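Asks: Please find one structure pasted underneath; my questions will follow.
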């Protein structure tokens, strides 16, 4: 009956405008603030556009769509239009001062500036390429969506990173590895002849946040994508993406020369193999002149690679780089390897790649996950950042919430991204944040063909944040979240403020109800959903939760100091100093680096055991508070999205308690200590949780 | 550049209201015809609703949504509302004449009637159950959507069939067997806690066309669905569907007692197995009191079944029927079997099932595909229809276009359905159409999570037609198509008339460019897309195209007369007489029943070879004409759907020529005859077509 009540709740308001979430942050809804609308209308009446190209036509169309939607303005073309869009060489009236500003904009940066021509105020949107103009248009529309003043504008925005990519782990059969939002957007069977409107809208969304590249295929790669038949399909997509300034990349299966090339080997030093890749690259560039290059996962989790032939990662990467170099393509070679034996998985990427620094060709980047293990709710930064000064590095964040509640938990990840980016590597002395060591950004996409693209309505914010941070990693998480909330829901402060608070706390809550105090990797096997801290049945020790927490009667945590695996030594000395002393190691990282006694005194003054209980309980309570908070905001949100978030929060609240009870009951078998007074009792005993079989099917 | 032009075409109009197709035929757009709107507004001002229930609330909500959308009417509740919605026992003012009418309405039929109470005209929507009232509301809304008069109404509509079902071939991992429109709607991982809005909209759509049951899972079944964990998820869906008068069914994997029950056998005569199924049924009904029952594919294409234990299909079906009977559940046992050896696959279902007539329990139905082979573009009706007088039969149509161009060809299938339903079986003398032999309808769903549900924008019409025909198989294809066009696009005659013509001809065109004159089953292996008449590499002869057309120097076609396999003998004598004489066998069925000489004189006067060339060529030309026709209708359609159909028609035109050229060039190697003068030459030689590797990935 509760269910029925819910359905009817939908229906009572259901005949008002429903929102599916399909429009993302580009909703362009009529702005309610009449004063703001009037101010805009006085300044925005017509458009002058200099130049013609598909990209400029897309920019114009977006302006028309946005201004028509938000301000009910039809935007006629005019020779002295109030908006002036163009490159400096096409605008005679441009002043030397503006030229000077634009000389700093590079190929992607833009200037939005109120200028006076012939006594008339105009809004100049300028840049040195059509792509930059498109970015300028999207930024201008964002100003209006977020109700910023459009008077006396002077905004010069230049991306801080040249590579701002999505990585899609999409398979040719349209399933998505670790995807929680439906099937792949790429309709291979209907390509190249049919271009789905969704592909165009995907490109618009990316361009609006500055994403300029997309890897279409899964890192666990299928060579099929490199066959002539499929390259025609890729070309069709690339032709769309090009209009929006997005380069197309593919994953290269290392054994493709055998699988689709008819060769007997894929040895990177074999001349026939090298020749095969060169010809393959040539044939790709004939179809896609601006093809971006290859992303490669090699000798990792069963993928083929150069080590199959006793060659190094550099040998493998350089062979592909050689094939791509004449066309200015790049290779992104993933550092996510842990195939050889080591006493600590934490150390393996560093041990394998650090010695290769300086051995990669100039068009190779090494792509490193943010932390040393695998996209856990909280990890210290990967010690590779800053450790390969002679090699350009890419940051790999995971937007799709494999370990962060998948499609059911509300987690805004910009705080996680910023925590990594802002961490000081000290590799060039104090003030060498991870962000300063990077040459590019990649986000493992959380996008599928669900109506709202990303599953959880709030998951869109992580796509948005990845784009905005890749463009400018100095933006704060608050700024990005505020922009996103205003565009995605409403700019009304009574909504924005509480939702901003929810989002800003959300990742910390998740850490605390899943893996607080530096615990990590305690989820179920395979589908990685739900708590299984007792897991110890998989063949490889480092696939098992018990490997990571090492709970015993004495205490809990992984000793990575000099008396343990000494993974800490991979960091610069000042970083080591932050973590190596158990007495001043930050609580949030304690169990990453220390096997601490259950009685260890935390910075809060509590014992480790009591602090563990405190964290699990308060985080769970906070999720319940978030439920109440959302409920109080119903009047601001359409029925569909309100109900979706509400249902998801109910799941999240129940699962936070599940994590709490399963983990605390299990760890209690080691600590032997009672739960502190005043806390909610576990609903079930430990055996109940151990017996739970959670059957996720995709 | 053509591609770029297309994108821009979208964009120029792109900022007008885009239509994704998500709303299906329930768009409720404002009606442009002011006269009609005014007429409606005079008659429809308020609502009186008698009774309360979730179903009635859904009916009210739908009325409000529809009238608000189409007429901009807010519909206040009033004690003398101009619409009066209720069951007769709740309406004291109802006359004996109306009571008499409603006594014929059964549990699902409805009455929409202009009545006068206290001198005031009111529109009564009445029925004997809440479900009937919901149907009445949807019908009333359809009247308005199609701009029918709402004055002096007197419509009594009663379904001609009690079972009107969709069959989803959806797997637990959300892939869909033979699905061409995305992932499954059932989000198993998030169920039971999360109900997607889409599930509600799916139920609304079904209720609007009278579909009253849905089988959630693939006939190639997975026992997982019968575990307690998954039954909770099924219950959550059933709770939604119930509100809309839709019963939930599942497929039962015959070996489930072994796979999830821990038994050593699934022998239907084994007491432990029978007990297991009884308990399983009991547990399902505890969760879902109105559970519909099981659909079973057994001993077919590798599925387990009673024959594994040397029992009959009746033994298997009756065991399940016994378990369901106390709860009034039913078993739908599929007749699609061809596992034993026979000289002609055509005959196998009949040979296996005819002898079992009368041996099934009373709550078993045998579900029979429309034709004897497998959902080909044209098949004669299955000889089982009319041949099992002691067994209730279900009709199984395939909405999803496995063999009919999948998601890229425009094919309105109601003409196919009607052709089968209207065919005279003669089993009770002349005038015994297939429709008269049926106890229910099933349509293999063409629904996925694509934005527009069905892939091709016109594929929605087949879902619509299945519902409407299941309700009333005497409706004409034209009537149904007209309704669908008006609701889905626009009621403007200048659009409706040409599109109606396109739809009405579409299936015949497809037959003629794929498999004219009674040819059949000439597609690629596995994915079943594209022409491969030369196919002869699969292990089983009856999986190969050459088995079906039997082309040789002498002629082409499968001799199923007395001098051949004598499959014809499975039909009643008058049917045999229609087909058995090669000289008056209808052209459309000739090669189904005869191996005819290349020089055989057709009813057109042409030789068989010339007629074959004529059919392939004119059908291909007609697809091109359809392209032009569609192009001329651009002004009536939103940009997104216009472009989608336009792109698809381009694919269809190109593929029609591919079918034509591949088939004619191949058959020419047998006929040895030239192509008649005046026809377009093939683009490539036969070897080109034979070498084409079409790699479909889902």
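Every residue, even glycine, has its Cβ placed from backbone N, Cα and C.
Among the features that TrEMBL reports, domain 'Alpha glucuronidase N-terminal' is placed at B:24-140. What TrEMBL records for B:144-453 is domain 'Glycosyl hydrolase family 67 catalytic'. The active site, proton donor annotation in TrEMBL covers B:301. The annotation active site, proton acceptor is assigned in TrEMBL to B:374, B:402. The feature domain 'Glycosyl hydrolase family 67 C-terminal' is assigned by TrEMBL to B:454-679.
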Asks: Looking only at B:301, B:374, B:402, the active-site residues on record, which one has the least crowded Cβ, with the fewest other Cβ atoms within 10 Å?
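Replies: Looking at the active-site residues B:301, B:374, B:402, the Cβ with the fewest others within 10 Å is that of B:301.
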Asks: Which whole number is the mean pLDDT over the domain 'Glycosyl hydrolase family 67 catalytic' (B:144-453)?
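Replies: Residues in the domain 'Glycosyl hydrolase family 67 catalytic' (B:144-453) carry a mean pLDDT of 97 in this prediction.
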Asks: In angstrom units, rounded to an integer, how far apart are the Cα atoms of the residue listed as 'active site, proton donor' and residue B:402 (active site, proton acceptor)?
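Replies: Given the Cα positions, the residue listed as 'active site, proton donor' is 17 Å from residue B:402 (active site, proton acceptor).
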Asks: Please report the Cα separation of residue B:402 (active site, proton acceptor) and residue B:374 (active site, proton acceptor) in Å, rounded to an integer.
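Replies: Cα of residue B:402 (active site, proton acceptor) to Cα of residue B:374 (active site, proton acceptor) measures 10 Å after rounding.
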Asks: What counts of helix, strand and coil residues does DSSP assign across the domain 'Alpha glucuronidase N-terminal' (B:24-140)?
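Replies: Each residue of the domain 'Alpha glucuronidase N-terminal' (B:24-140) counted once, the result is 49 helix, 24 strand, 44 coil.
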